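Trainee: According to Swiss-Prot, the protein has these features:
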- 1-71: region 'Domain I, interacts with DnaA modulators' (REGION)
- 71-145: region 'Domain II' (REGION)
- 146-362: region 'Domain III, AAA+ region' (REGION)
- Gly190, Gly192, Lys193, Thr194: ATP binding site (BINDING)
- 363-483: region 'Domain IV, binds dsDNA' (REGION)
Amino acid sequence: MKEFWQTCVSRLEQELPPQQISAWIRPLVPLAYDEAQAVLRVAAPNRFKLDWVRKNFSHQIEALAAEWYQRPVQVQFELPSHSTTPRIPVTPRAAVAPVAPASAAPLAPAAPPVAAAYSAPPEPPAAPAQTSAAVDAANIVYERSRLNTDLTFENFVTGKANQLARAAALQVAENPGTSYNPLFLYGGVGLGKTHLIHAIGNAMVAAGTGVRVRYVHADQYVSDVVKAYQRKAFDDFKRYYHSLDLLLIDDIQFFSGKNRTQEEFFYAFEAMVAQRKQIIITSDTYPKELSGIDSRLISRFDSGLTVAIEPPELEMRVAILLRKAESEGVPMPEEVAFFIAKHLRSNVRELEGALRKVLAYARFHGREALNVDVCKEALKDLLSVSNGQITVENIQKTVADFYKIKVADMYSKRRPANIALPRQVAMYLAKELTQKSLPEIGDLFGGRDHTTVLHAVRKISDARAKQAELNHTLHVLEQTLKG
């Protein structure tokens, strides 16, 4: 048991960065190996580390254990009991004799004992009170961070729609507080903004550098400001938020009209950026399109890196469905994933909801194998909505609502900028999303000539290729119209 664990750690040192070894592997304590059941019991110091190691490293440890014991082994992680448990020492890598590459040195009990390479004496067991205090402290830190450990870079499905956002998020996780500060991610509901910012937080915590992290939804931040005001505790409020190394603010559009909240956030923003501490913000829209937000804040948001997350393309939607089905332990044929992805195009949340509906339908109706017919039956309500005809009238109403103008302005002869652009956008979408000819579209826009429609289509098409903000707006409108 002792020899196996030392060898296991040595092998993991060859595969993982030193920070991950220090943060996640060294704190683990092997408790016992049950030969009859082929179960290896390993203790983690607190619930946060237990959950993280189980999700991210259990497969590697189980593979090494299976190689050592020459049979499949289940690794069972648990929290330490209050009784003391002897700790198997693991000395830093510098004290270890050179180890051959993993492929050249198979694990086997007959190999020379790896523990012989260690000269350090065993560490004394931690006292129960100290262990309990450490667990409590770690849990408190984790609770304060509010991170969801399920949301990582490893299980984030990447495609054209979000590859730039993921690349920026990875860069920030590896080099916080430098060039991309703040990082501002924007896009529609259910496209993965929240997943990405949790992934950044989890990656920084996993690096084991002791960073102080806080994820907070904008509504909760507003609530924190109100409580600080009621309790006359603004000094404590400022001290806490200004002390963070990483602040993740989700859905900042909810700050709209809340002047005191915006003022406090402005002070926190200035203090953190001055100390090269990282701020990451998400929103449903581009910074300059935020309403009810102080211009000073909008200027600060624009000072870093702003990245859009677009609705997922077909291939990405298929990959998301296959990954989700795999995580649920359900084999899904690709043609089934393609069928769902072709008919549901708006966001990741909708896709996952549709998959849950299909799985539940199959389970309740005794359908063992997933196929397209099962999907059609399970999703008939959703499919009837998503297959609805897109009309020019529907486009005009949707665009008018988005730009906050009257539908009648679509037909009028008025040409101020706040009306001309939405009208051209609506003409462009009518050409892209319906079978109407240019003259027919012109008639539906107040009897305009087909050359006017053609000019609008070309103008918006060219602008879309050059302006990220307009491209994002068009994506939002297209997905809204397609359902």
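All residue numbers here begin at 1 and follow the chain in the order shown.
Keep in mind that glycine also has a Cβ here, set from the backbone N, Cα and C atoms.
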Trainee: Using a 10 Å radius around each Cβ and all protein chains in view, which of these binding-site residues has the most neighbours: Gly190, Gly192?
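Mentor: By the 10 Å Cβ neighbour count, Gly192 comes out on top.
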Trainee: Give me the sequence-ordered set of same-chain residues, not including Gly190, Gly192, Lys193, Thr194, with a C-beta within 8 angstroms of the centroid of the ATP site's C-beta atoms.
Mentor: Gly187, Val189, Leu191, His195, Leu196, Thr282, Ile309, Asn347, Val348, Arg349
Trainee: I'd like to know the mean pLDDT over the region 'Domain IV, binds dsDNA' (363-483).
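Mentor: When the pLDDT values over the region 'Domain IV, binds dsDNA' (363-483) are averaged, the result is 85.
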Trainee: As a test of the contact definition, list every same-chain residue at least 6 positions from Lys193 (ATP binding site) whose Cβ is closer than 8 Å to its Cβ.
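Mentor: Residues satisfying the criterion: Ala165, Leu185, Tyr186, Gly187, Asp250, Thr282, Ile309.
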Trainee: Inside 10 Å of the Cβ of Thr194 (ATP binding site), count up the other Cβ atoms and send me the figure.
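Mentor: I get 18 for this one.
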Trainee: Does DSSP put Thr194 (ATP binding site) in a helix, in a strand, or in coil?
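Mentor: Assignment for Thr194 (ATP binding site) reads helix.
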